[in-house]
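Q: Below is one structure. I have some questions about it.
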Amino acid sequence: MNLHEYQAKALFAEYGLPVSEGFACDTAQEAVEAAGHIGGDMWVVKCQVHAGGRGKAGGVKVTGDKEEIRAFAEHWLGKNLVTYQTDEKGQPVAKILVESCTDIANELYLGAVVDRSTRRVVFMASTEGGVEIETVAEETPELIHKAIIDPLTGPQPYQARDLGFKLGLNPTQMKQFTKVFMGLAKMFEDHDFALLEINPLVITDEGNIHCLDGKIGIDGNALFRQPKIRDMHDPSQDDAREAHAAKFELNYVALDGNVGCMVNGAGLAMGTMDIVNLHGGKPANFLDVGGGATKERVAEAFKIILSDSNVKAVLVNIFGGIVRCDMIAEGIIGAVKEVGVEVPVVVRLEGTNADLGREVLANSDLDIIAATSLTDAAEQVVKAAEGK
C-alpha cells in the first residue's frame, strides 16, 4: 500500500522531521485559502497521486499568484494525471497539496528499503538528488552510499554520520541529518514500511536540511496491525480489477498482453508467464488463485481476467497439491458457464486427481482445450490468442 505525499509528510512531522507547512485541499477555494493561511509570497501546488514524474506532466506548479493556484486546482481536481509511471489512463487527482516555497541550495537523496538479499533494512543516500535513483544506480552506482540496519542493535548515529561525511555535510548539517536518519529509521520499523524515499532531501539557502518530498510504501501483510496507516488507504489510486481481486483473496496484477493467466501459486504463476513469453505470447495479467481455490474464486478470477478487453485467450494452469484437480475442473466448467466465456480456454492440470480432472473437462460440452504439458499449454494458448 502506498501513501500520498501529504500523508507521508504528516508522518514526518510527527517524528520531528523538517517539512514545509502545507495543506491537502479538496477544492480550488480551499487551495487559495491554504495559501493565505501559510503566508509568504510564493507557494508550491502539487497534484496528489501515487506516481512519480508529476512535475514533467504538469502536476506541480510554483507560483506567487493565488489566482494561478485556483486555476491549477480547478484544472486538475477530478481529472486524471498521466505520468511515465502510470498507464495511459493516469491516476485520478482528488487532492491538491499547497505548500510554502523552499529555497534550494543543493539536492540530495535519502531512501530505505527492505533488502531481501541481506534480510535487513538498508538506507541509501546520494548527492544525486532530484533524479530517479534507478538511473543513478545504473549509470553511477558509486554515488550511492548505503547503511545496513542491524535488527538487534537498531539504527546507530554513527551510521548517519558516515553517510553525512560521504554527502559532504558540514557539522551543523550533520546533526540535522542524523536526526532525520534516526527518525526515519524508527518510523520505518514502527509502521512496517517496505519503502521510503525523500527525493529530494534538500539543503536550503540557509544551510538547513529539509524534507522536500516524501514517498512511502507499506508492507501490505502488516496492515492488520497498522490501523492508523490502513485508514490512509486511497482506493481511487488502485487498479479497479486489482482492488476487486483483493476482496476475494486473489493476487492479481494487470499487465498489457493478450493472454489471460489463472494459476495457483505465485511461483508457478511467474513460471507460467515466463513460458508464455518464451513461446511468443504476452501475459495480460498475473493472477494467483491461491492454494484454497474454490469454484467461487475461480469464477471471480475469470470475471476479472475477462474484464480486460485485450484478453484473447485464457490459460488455466493448476498443480493439485492442496487442492484436487477434479474439483478445480468442475469449478472451471461452472465458472465458464456462469461467466459466459467467449475466448478460447486452455487448461493444464497436474497433481492430485489430474487424470480425473482432465476426464471431467473432456466430458463437458464446453470448448475447453486440455493441454498435456506446460509447454503444450503455452503453445496452444499463444496460437489461440493469435486466432490460429
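Using N, Cα and C of the backbone, Cβ positions are placed for all residues, glycine too.
A quick note: this is a predicted structure, and the numbers were derived from the prediction, not measured.
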Q: If Swiss-Prot gives Gly321, Ile322, Val323 as binding substrate, which of Asn258, Asn264, Asn277 does it give for that site as well?
A: Asn264
Q: Return the residues near Asp213 (Mg(2+) binding site), defined as same-chain residues 6+ apart in sequence whose C-beta is under 8 angstroms from its C-beta, sorted by sequence, else 'none'.
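A: Long-range Cβ contacts: Glu5, Glu197, Ile198, Asn199, Pro200.
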Q: Fill in the CA-CA distance, Glu107 (ATP binding site) to Gly321 (substrate binding site), as an integer in Å.
A: 53
Q: With H, G and I counted as helix, E and B as strand and the rest as coil, say where DSSP puts Glu99 (ATP binding site).
A: strand
Q: Report the member of Thr102, Asn199, Asn264 (the binding-site residues) whose C-beta atom has the most other C-beta atoms within 10 angstroms.
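A: Counting Cβ neighbours within 10 Å, the top one is Asn264.
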Q: Whole-number Å only: compute the distance from the Cα of Arg54 (ATP binding site) to the Cα of Val323 (substrate binding site).
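A: About 46 Å separate the Cα atoms of these two residues.
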Q: Suppose we draw a 10 Å sphere around the Cβ of Gly55 (ATP binding site). How many other Cβ atoms does it contain, all chains included?
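A: Result for Gly55 (ATP binding site): 14 other Cβ atoms within 10 Å.
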